[in-house]
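**Q** Attaching a single structure in structure tokens format; questions to follow.
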Amino acid sequence: MKIAIAGASGRMGRMLIEAVLNDSDAQLVGALDRADSPFLGQDAGTFLGKETGVKLTADLDAVFAQADTLIDFTRPEGTMAHIEAALRHDVKLVIGTTGFTAEQKAELQAAAGKIGIVFAANMSVGVNVTLKLLEFAAKHFSHGYDIEIIEAHHRHKVDAPSGTALMMGEAVAGALGRSLDDCAVYGRHGVTGERDPSSIGFAAVRGGDIVGDHTVLFAGIGERIEITHKSSSRVSYAQGALRAVHFLSARGAGLFDMQDVLGLR
């Protein structure tokens, strides 16, 4: 499998490069970075103390011409450019970017009619198993329990709530037969009035170097149930992304997520 990494100089990009180098079935063939990155021209393994022979570049077409699959954990505007290049070169995509607009998501979905794409806000195996637990819990706590989702991330995260928190909200809302768009409450301030019992609340914390903590709270009278997932390292995201690459290698065009990759549907 010939793999390229987008955002190669970032925290997640470095973790992905290491995961590819440690996979005997994978070959690192490209490392993309921003056009204004000070690391352009450096070896992709520099941050790991290794030589890979692959230089960081901003030349999309040069990288996509060599790759079978691109792994992309960047930002929406970058990912949209990568989708266009992937369509030109018939390259598959594993996308962990979050913060897309509805229009961008529609473009991503349209692209999946021509190339294989795994798109998931969180590729950790633990998070995706947690989603199944939430579906089960929501069905049994559908009456008399208030549902709140609390997430915490590092100070550099630019979108809120996190994509993972929204995935959890979608899982709970779907299990209850609701649309998250109709019942989500994003933060509270001032005099809000009594809580709507059908709502799903979100609260976001940003600070320090928190990799990612997510708790879904089912608060009833006399008891509360908390289902929590905590990430202590980005390694789990990188390992999940590699599983997604392996999954796509045997598939054609289509839009998939980690539930498909892990056989949880």
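Backbone N, Cα and C atoms are what each Cβ position is placed from, and that goes for glycine too.
Computed from a predicted structure; not experimentally measured.
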**Q** Same NAD(+) site as GLY7, ALA8, SER9, GLY10, ARG11, MET12, GLY96, THR97, THR98, ALA120, ALA121, ASN122, MET123 according to Swiss-Prot: which of ASP33, ASP36, ASP68, ASP146?
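**A** The record-listed residue among the candidates is ASP33.
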**Q** Among HIS153, HIS154, LYS157, GLY163, THR164, these being the recorded positions, pick the one whose CA is nearest to that of ASP33 (NAD(+) binding site).
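**A** Nearest listed residue in space: LYS157.
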**Q** For GLY7 (NAD(+) binding site), just count the other CB atoms lying within 10 A of its CB, please.
**A** 25
**Q** What's the CA to CA span in angstrom from ASN122 (NAD(+) binding site) over to THR164 ((S)-2,3,4,5-tetrahydrodipicolinate binding site)?
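**A** So the alpha carbons of ASN122 (NAD(+) binding site) and THR164 ((S)-2,3,4,5-tetrahydrodipicolinate binding site) sit roughly 6 Å from each other.
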**Q** Taking Cα-Cα distance, which of the recorded positions ARG34, HIS153, HIS154, GLY163 are within 10 Å of ALA120 (NAD(+) binding site)?
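**A** So the list reads GLY163.
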**Q** Please work out the number of neighbouring Cβ atoms within 10 Å of the Cβ of GLY163 ((S)-2,3,4,5-tetrahydrodipicolinate binding site), leaving out its own Cβ.
**A** 17
